Structure formats: structure tokens, C-alpha cells
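Asks: After the C-alpha cells below, expect a handful of questions from me.
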Amino acid sequence: MPESSAAVRTSALTPEPIHRVLLAYCGSKVLMSAVEVDLFSVLAQEGPATEAELRRTLNLHPRFSRHFLDALVALELLEAHGDRYANSPLADHFLDRAKPTCIGGFAEMTSDTFYPAWGRLTKALHTGQAQAPLPPDDENHLFRVNAKEQPDRVRRFMSSMDSHSTRIGEELAALIDWSGYSRFADLGGARGNLTAVVAKAHPHLSGVCFDRPQSRPFFDEHIGRLGLTDRVTFQAGDFFADPLPDADVLIYGHVLHDWGPDSRRTLLNRAHQTLPPGGTLVIYDRMLDGSPRDLAKLMYSMTFMLASGGGSEYSVEECGDWLREAGFTEISAQPLLHDHTVLIARK
């Protein structure tokens, strides 16, 4: 008796796709640990090395070192040349701490905060609660790190953000017609990198980086190094409580996803109250498009859910509704980079 088509389809199935998903965390943690032991920076500085040399330099145990390095080759983050290991071009560009393009600080944050929180996802599914400790709300911490005790750690994370904000700033500088504006402000601007990129592209503009006071030393250091202290300034404050900068354009980039809907409405209302008539608000995030197959954005969204009290990604439609509620008009949405959306709205 011939097999049914359903039986034939079932017999062709294998569990390998499920195995790959179940073990995906292994590759993530191999990468995080490689950053934590500074493997990529050592190889960038000292050149290709053998397993024995790396074991001694990085204080790796021989039980794990060979498999650890070979796993990084399989992940295409290292290359093997005979008995020596070297950075792949991708790792050399993005994981060497000496390079401005390094995103290793994000790997450190992921390892310390996001990775443990994902391990408690089942609990979050039942309780709806964040599974990472909420960041301390004091004058010392930035990005969950004590900026006074670990300034280099803060610099590494800011450098990771800068690697991304540089490309976003370049796109915003080209995407928006800045000719009718003279002053703009990046709200939650960290050390002012995006502000600097836009200001550098348009010499007639002056920019303000608005952030908490503990960001100021890192701003002074970064903007001084870029030589833009005459046009890019810092204003300390809390965007929920303190006056926002006077500007023709206000920017919320990677801000709204940290908060729940009510807080987002508050931030948009405050921006509308601050802007002059004809002023513009710019918002960018990894906004959801409603597709259940948009895996990367869904994973980012769940990461913010696990790590914050109310944060998540959100849809273009939701953000448009909040903007209209706040009084904005002429709302438009455009793709930004490969996975972001930017909304531009007028007062």
C-alpha cells in the first residue's frame, strides 16, 4: 500500500534544524568569551599565533583552547594558516579594541547582561518581568557600568555605539534637507558621536548632545579629539524632567525602545512642546514591520523586554499614532541602514 504524501513528507524530516537552533547559543558565547579574553586585539597587535602561544598569552586551559580556537575558525572569525591562527577580515575590523570600528563593548554588555537574562526567558514568559537587574539610577553609572570606577569599560561600549552611529549619522546627514535649519540636538546622545557626524557634514549647523551629566567627561574627550568643540556642545539633563535643548531639529535615536508606551508618549509630547513651529523631530530604531519572520528585530525587541522594565521595539504605525497624538504632522517613514527605520515629523 503506497505511503501517503504526509507520511513521505514526515519521513524526509530530520532534527538537524532544531539542533542548530538549540545550540545557537554556543556560538554566541564563544564569541563573547573571545572578546572577554581579548583574543582579537592580541592577534591584531602581535600577528598570527599558534594555539600554544595563545594559550600562554591569554591564560587559556589546554583542555578547551584548541576546540575554542577551531570553533572561532568555523564561525569565520578566525582563519587557520597551518598551525597558526589569525583574525578574519571581519573580526579584525570590528573586534580589535584599537580600532574605532570595534563593537567589542557591545559583546561585553551582551555577556554580562543580556545573555544571563535570556537564560531566564521561561520565567519572563510567565511573569512578564525583566530578567536583568535594572540599571542603577545614580550619578555614577552609564550603561550599567560605574563610569568612575571603570571608565575604560564605558569607553569601549561607547565606541561600539559609535561604530553604528557613525553610519546612521552619515545617512541622516544625506537623507534630511538641513539647509533650513541652524541648530539640532541629539537627545540621549552619549558622547556626541552622531551629533559630530551630522555637524561635520553640514558646516552651517551647530549641534547639542543632551545626556546625563556623567557622560560629560567622555563627550569632552571625544569631541575634543574630533576638533568640533566650537560647533558641538553638551547639555546635561534628564529628558523626562529637565528642559530640552532649544533647537530646530530634535533626534531620538535608539531611545524610545528603552521605554514603555506611556513613557514614549511623554518623550514625544516634550519634544513637541520644545520645538518651534516648523521644527522637526527625527526618530530611529529597529522598528517592527509586523512580519513574524523578521527574526533579528524580534530578537532585539525581546532583548529589551528582558533587560528593561518596559522597553521593546515597536511598529512604524504605533510610532505614527504617538506622534499624531503629540501634535506632529507631515509624518514620513524611510528605511535606514539595513535594519532600521527613521520617522521624520513636523510641528
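Quick reminder: no glycine exception, Cβ is built from N, Cα and C everywhere.
No curator has checked TrEMBL annotations; they are predicted automatically.
From TrEMBL, here are the annotated features:
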- H257: active site, proton acceptor (ACT_SITE)
- 22-96: domain 'O-methyltransferase dimerisation' (DOMAIN)
- 120-328: domain 'O-methyltransferase C-terminal' (DOMAIN)
Asks: Just to confirm my parser: what is the rounded mean pLDDT across the domain 'O-methyltransferase dimerisation' (22-96)?
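Replies: PLDDT averaged over the stretch: 98.
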Asks: Tally of helix, strand and coil residues over the domain 'O-methyltransferase dimerisation' (22-96) according to DSSP?
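Replies: Reading the DSSP string over the domain 'O-methyltransferase dimerisation' (22-96) gives 49 helix, 10 strand, 16 coil.
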Asks: Cβ-Cβ under 8 Å from H257 (active site, proton acceptor), same chain, 6 or more residues apart: which ones?
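Replies: The list for H257 (active site, proton acceptor) reads D285, R286, Y300, S301, F304, G311, S312, E313, Y314, given in order along the sequence.
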